[in-house]
Amino acid sequence: MECCRRRATPGTPLLFLAFLLLSSRTARSEEDRDGLWDAWGPWSECSRTCGGGASYSLRRCLSSKSCEGRNIRYRTCSNVDCPPEAGDFRAQQCSAHNDVKHHGQFYEWLPVSNDPDNPCSLKCQAKGTALVVELAPKVLDGTRCYTESLDMCISGLCQVSAGFFSFSFFGGFCVSSLYSPAI
């Protein structure tokens, strides 16, 4: 997915990203007005407290048949820098597995970043070894796809930052079944 390999330019202001989000919120698509959908629900808690995360909102199909469009939308949240002591978000997810045995043995897990084939899976390396394991099929929402990128993993897929702000309101990212995040 070449679109997910864009890198952040140093100093890219988060304020600009917030502007994109707010400007996209005023647009309503036809599917929002067709009457087959219930109103959008409240926004969930942010997946992160700092460093940029994702929040979602759900809606219900009111038709006895099926509704066209998506039942989930996303927006960015917590777009403030994390303090240095907070550490890397992907590293936090790997270290959460330190107290779980892998093939009968405990390891200290370190993040494997910038996987060109699947940037949104949680791949970790056992410290001091060459052992690399996929500990989860997807990282938590809001995890950066690549270390030098503003693109985020949402529901296991790398979303280009510019598209991320608009897909939840204009399309481009569709979910046809109810999504229950495990955050």
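One is the number of the first residue shown, and numbering goes on along the chain from there.
Using the three backbone atoms N, Cα and C, a Cβ is placed for every residue, glycine included.
TrEMBL labels come from automatic prediction, so no person has curated them.
The record in TrEMBL lists a disulphide bond between Cys82 and one of Cys50, Cys61, Cys67, Cys94, namely Cys50. Here Cys46 is paired by TrEMBL through a disulfide bond, and of Cys4, Cys67, Cys77 its partner is Cys77. The Cα of Cys46 (disulfide bond) lies closest to that of Cys82, out of the disulfide-bonded residues Cys61, Cys67, Cys82.
The Cα atom of Cys77 (disulfide bond) lies nearest to that of Cys50, taking the disulfide-bonded residues Cys50, Cys61, Cys67 as the candidates.
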